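Here is the structure we will look at, set down as structure tokens.
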Amino acid sequence: MGEIEQKPTPASRLGAPENSGISTLERGQKPPPTPSGKLMTVKIQMLDDTQEAFEVPQRAPGKVLFDAVCNHLNLVEGDYFGLEFPDHRKIVVWLDLLKPIVKQIRRPKHVVVKFVVKFFPPDHTQLQEELTRYLFALQVKQDLAQGRLTCNDTSAALLISHIVQSEIGDFDEALDREHLAKNKYVPQQDALEDRIMEFHHSHVGQTPAESDFQLLEVARRLEMYGIRLHPAKDREGTKINLAVANTGILVFQGFTKINAFNWAKVRKLSFKRKRFLIKLRPDVNSSYQDTLEFLMAGRDFCKSFWKICVEHHAFFRLFEEPKPKPKPVLFSRGSSFRFSGRTQKQVLDYVKEGGHKKVQFERKHSKIHSTRSLVSQPTAPNSEVPKQSPQSASLTFGEGTESPGGQSCQQAKETKACTLELGPHQSPALPKSPPGSKAADGTTVVPPEEEEEEEGGKDGIRPSNPQPPQPSTGSLTGSPHLSELSINSQGGAAPANVTLSPNLSPDNKQASPLISPLLNDQACPRTDDEEEGRRKRFPTDKAYYIAKEVSTTERTYLKDLEVIASWFQSTVSKEDSMPEALKSLIFPNFEPLHKFHTNFLKEIEQRLALWEGRSNAHVRGDYQRIGDVMLKNIQGMKHLAAHLWKHSEALEALETSIKGSRRLEHFCRDFELQKVCYLPLNTFLLRPLHRLMHYKHVLERLCKHHPPNHADFRDCRAALAEITEMVAQLHGTMIKMENFQKLHELKKDLIGIDNLVTPGREFIRLGSLSKLSGKGLQQRMFFLFNDVLLYTSRGLTASNQFKVHGQLPLYGMTIEESEEEWGVPHCLTLRGQRQSIIVAASSRSEMEKWMEDIQMAIDLAEKSNGPTPELLASSPPDNKSPDEATAADQESEDDLSASRTSLERQAPHRGNTMVHVCWHRSTSVSMVDFSIAVENQLSGNLLRKFKNSNGWQKLWVVFTNFCLFFYKSHQDSHPLASLPLLGYSLTIPSESENIHKDYVFKLHFKSHVYYFRAESEYTFERWMEVIRSATSSASRAHILSHKESHLY
């Protein structure tokens, strides 16, 4: 990582000398070997709000990281502290000292681990070290500011006065007022200012160490000292909060303690799913054993609280760490979690028995010398205690400090790197296990009376991680021509990834998502030198590559026209399933377009051939332009406007005919399953309208690129004016037809619903949310329209469709955040006139998107004529087969866990629709996103490379509908594989990946990594632009303004 500046650590700011680690091993013991392998960097936020970066081996247990932090702080009594972080489910948990770090902190770059107090002893005099008491004082200060430590005004003022005394010394009215103005210790501090100064005046002569001691003396008497509330409900459904302390388990209503269960009374702690159970010991006069039951938000919240209780019981009640449970011979039951570390008694004995010496040091904002105990260690002959000025020696709260190099720290938020390496052949130096441990590795187990009563299956669907990673390969799509579909689940700051590739096989072998035999490394071999030489013959002018984009996308557009004009027409002619009136409306309006654009493509390719220098015409420069070709053909398109106007009518007529004819419905469904129909059929009917918009964007780029005096500028500007006029005329039709097409597409994914497509209804957003029900959080697909919100589940139906469970009219609905109320991250409460539901999103950003769109839809509904008509069908629709209806009716809450493994069934329904992708990735897509996707279509040749391969493979790639479709060449009639991009990360390879090529971008999720090479800087930027539109979504305000400036 290079040289790291030596900035003061929290311990050095207290004046503690640096040492090589405090040995806590028994005499004669050796430290356990440090795991070798790749290092990972973990950011730790200290109690003074600074951040430190630690490098530890990925496979090392959590104890390695925790000991590294304690060693960095020179902290002897580290057992009172812990490391907490939000896991992949967004639940704040403690770092398990026995499990590998990489299995707990899955995305260390995006997680900040907090070093905080974990165990609060009943008496602060049990804390032997001044540094320990100082860190406890910082924790009290933090809890005050965050509202965790609630108390009356007098207690708050007294606490703050001790903090001020330790920070700035004796009372001085002017200095006090200035300091209190700059530092806010509680939210309503202004009203307490006079009382704070009154108390501070009485602390004259009190040293910082004495101030910390007095601060803890006051704090420990408060009811909420060291209390962390966990939302729950009792058997009657009353909302309460559970907490654990050194004395036992506490029950709060709000911030008022209403009950307590002392450890001496507790016989057993367990949990089943989301039920937390406390078995009490029988009274002296009774043999009856009472069992108390509390309901928490979900299984993960319940297990997290159970672990905290186990650790508190072991730390405060046991004399030594519990012995490991013997491993079962055949079957195991319960959790493998166990307490690891020293108990409080062991910590007290160790500090009392250890050899210590007094060392002088300087404290923050004070020149008073104090003493601190350190384990006796040999010191270098010339070593000195570091001396620091009050400005640079203090823990920084709101002011910068200067490092030795002269760089300013950003208000105590700087990140320091602590590389734990002693030398080129040494493992990181870390503190070792404490004496009193029965084993060198510090392994412990939970006492038998605290075992977990966990049922065999892990049920329940968690909002931020709906499916564990599956090593097998499987098909999400019902289309046999799609060789692959890889999916991952998002999370805010994000979340765990899931791979769902073709044909879930029973052998559970990991396969690459792109498994088509024509897409492997052996196919289409090309050496890098050959490719480089070929690319260098191309012109370097950006206008050439813009013109080439017209050519490549025109090829794809022509193929899309052939789907209707050739393939669909040929299939229809073989079967008498379509009315003649419908045939005459569709095909005569596509054939002229196909003929025109075939000639248009030939002209563009001829011009590019001349531009590339395959004749001597390019010497004169007459053919190094494209504007004249664009102007001529766009003027020709205006004569085809009558056919373009008919496409909306054809789409409506087709859907009307399908609704009235079951035979035509089955015919169209069968055609959609053919390889050539890689998108929903009705999407191809709108392609001509979409293409006009693409011409407009290309001409805008050309006009922006050319200077006004360029030979091609005038033609490009004239062509842009012509196409802009056509787009403006079709703008209203486009908006209407996109919504109409999307409603009919959604209708095919839903069962149990009537009249979804009605005049005036507009689709707004679809996506996956978790609904809180009697069985916990259950995954549901939600569909938001401008008048109603539907929620569905995916059951074990033969068609892979989603069954509608309920509808919530938006008229009169309210929406509010309820994360604190239910203790579920990213939680919302939707209150309708007839029904209220609680849902949770997979991330904060997802929650905000839903809140924004639902509120907008509510506002639209309020302006309408009133409540929406009933949508739910009382019986399955007539056009569904009896088998489908029966299977749909049998779907229940209990089917949901099984529905996730039902992907291996081949269904007659398309399985690669955006509804299914959003279901598996726990994300959402809005109608605005679909509109943006229409504008961001691209195709062309790319070189593809797998993570572990050497050669590059040339593929023809089409990006449309949030997905990459792969072809062996542009002449292929259908794609060989597809890759939906929702949830993927788009980056540029780092130097460590050894790509060493220009214009390379990287797509990755989980262990799947793909590298793609473009042929020029322009094409590289264009691929990055369009793919980024699918892997990230902008805010609604930004997108609406974008659409207004690009009317179509």
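Cβ atoms here come from the backbone N, Cα and C positions, even for glycine.
Over in Swiss-Prot, the protein carries these features:
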| type | residues | note |
| --- | --- | --- |
| REGION | 1-37 | region 'Disordered' |
| MOD_RES | Ser23 | phosphoserine |
| DOMAIN | 40-320 | domain 'FERM' |
| MOD_RES | Ser340 | phosphoserine |
| REGION | 361-536 | region 'Disordered' |
| COMPBIAS | 371-395 | compositional bias 'Polar residues' |
| MOD_RES | Ser373 | phosphoserine |
| MOD_RES | Ser389 | phosphoserine |
| MOD_RES | Ser403 | phosphoserine |
| MOD_RES | Ser427 | phosphoserine |
| MOD_RES | Ser433 | phosphoserine |
| MOD_RES | Ser437 | phosphoserine |
| COMPBIAS | 472-491 | compositional bias 'Polar residues' |
| COMPBIAS | 498-513 | compositional bias 'Polar residues' |
| MOD_RES | Ser512 | phosphoserine |
| DOMAIN | 542-733 | domain 'DH' |
| DOMAIN | 762-859 | domain 'PH 1' |
| REGION | 865-907 | region 'Disordered' |
| MOD_RES | Ser875 | phosphoserine |
| MOD_RES | Ser881 | phosphoserine |
| MOD_RES | Ser892 | phosphoserine |
| DOMAIN | 935-1032 | domain 'PH 2' |
- Query: Among all the protein chains here, how many other CB atoms are within 10 A of the CB of Ser340 (phosphoserine)?
  - Reply: 24
- Query: Can you tell me the mean pLDDT for the domain 'PH 2' (935-1032)?
  - Reply: 89
- Message: Within the domain 'PH 1' (762-859), count helix residues (DSSP H, G, I), strand residues (E, B) and coil residues, in that order.
- Response: 20 helix, 50 strand, 28 coil
- Message: Counting by DSSP secondary structure, give me helix, strand and coil numbers for the domain 'PH 2' (935-1032).
- Response: 19 helix, 41 strand, 38 coil
